[in-house]
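Take a look at the structure below.
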Amino acid sequence: MSSSEHNDSDDEDSELLRQPSRFAAVSEPKESDKAKKPKNRSVREFFGHDEYCYIMDAKNNGNIGRYLNHSCSPNVFVQNVFVDTHDLRFPWVAFFALTYIHAGTELTWDYNYDVGSVPGKVLHCYCGSNDCRGRLL
């Protein structure tokens, strides 16, 4: 889209039709990448096996943050912020820029899913970055 066609309006009446990005498929992750341990400990490890896991899902409801997509080389990072409670399962989330981000650049963050954490579920990553891990789950 050229700069003259750019429309900052989110009105549904906008004549501009937005299309999803298309990314090339990425090959399977290398064996050496699969064996790497995550650098941060999962919050799930702090609670027992009989406790429920709460998932943030903004598919049907949420604020503007629901439009931030995954990238293995993100330009923002997420930080848990405890406002209403200090329970690790119920943080508010805040996004912060990792670098200067030019206007019009897609905002992306690393979902940090644990590959293999959901038995029988494989979710490939198509972010297209040079450091793409190839899989989300």
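Every residue, even glycine, has its Cβ placed from backbone N, Cα and C.
Database features (TrEMBL):
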| type | residues | note |
| --- | --- | --- |
| DOMAIN | 12-112 | domain 'SET' |
| DOMAIN | 121-137 | domain 'Post-SET' |
| REGION | 1-41 | region 'Disordered' |
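Across the domain 'Post-SET' (121-137), the model assigns an average pLDDT of 90. Residue counts of the domain 'Post-SET' (121-137) by helix, strand and coil are 0 helix, 2 strand, 15 coil (DSSP-based).
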